[in-house]
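Taking it in order: structure first as structure tokens, then the write-up.
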Amino acid sequence: MTRWLSAFRNSANGLRWAFRHECAVREEAITLALGALLAALIAPDFPSYCVLVGALALLLAVELLNTAIEKLADFITLERQPAIGVVKDLGSAAVFVMLALNALVWIGMAARALLG
């Protein structure tokens with residue numbers, strides 16, 4: 001139980017830090033909160049609601065991982081190095097893939113809700 005509490009505390013600290021210091025994390029957290037409300041209006045059933053909200057939650061999780069990668073890369077060196085640039089670009093690409101997935105999921109569900 002102590003390990004769980006410690007893990008929860010570490011997670012809360014990470015979320016708090018990211019929310020305070022990373023604009024993209026704040027934007028995606030707000031999008032998740034608003035998306036959860038909107039999903040309640042357009043999702044025809046609970047599994048569809050979970051898909052919509054889950055896609056946004058995964059986007060936030062990938063953004064947190066990307067932030068961790070960037071902070072670690074900056075800790076290793078602040079000098080411009082091609083290998084570090086590739087690592088950061090790959091993290092950014094992962095966020096882009098999740099953004100594209102969210103667009104597909106949300107457009108598909110919205111079209112289904114509007115067109116029946």
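Glycine too: its Cβ is placed from the backbone N, Cα and C atoms.
As given in TrEMBL:
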- E63: active site, proton acceptor (ACT_SITE)
- R3, A24, V25, R26, E27, E28, E63, S92: substrate binding site (BINDING)
- R3, E22, E70, K88, D89: ATP binding site (BINDING)
- E22, E70: divalent metal cation binding site (BINDING)
- 90-115: transmembrane segment (TRANSMEM)
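Distribution of TrEMBL features across the structure.
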residue	record	DSSP (3 states)
R3	substrate binding site	helix
E22	ATP binding site	coil
E27	substrate binding site	helix
E63	active site, proton acceptor	helix
D89	ATP binding site	helix
What whole-number Å value do you get for the CA-CA distance of R3 (substrate binding site) and K88 (ATP binding site)?
31
Please state how far apart, in Å and to a whole number, the two most distant Cα atoms are among R3, A24, V25, R26, E27, E28, E63, S92, the recorded substrate-binding residues.
32
Around K88 (ATP binding site), how many other CB atoms lie within 10 A of its CB?
15
Sparsest-packed of the listed binding-site residues (E22, A24) - C-beta count within 10 angstroms:
A24
Under a criterion of Cβ-Cβ distance under 8 Å and sequence separation of at least 6, what residues of the same chain contact R26 (substrate binding site)?
F19
Under 8 Å between C-beta atoms and at least six apart in sequence, can you list the same-chain neighbours of E70 (ATP binding site), or say none if there are none?
K88, G91
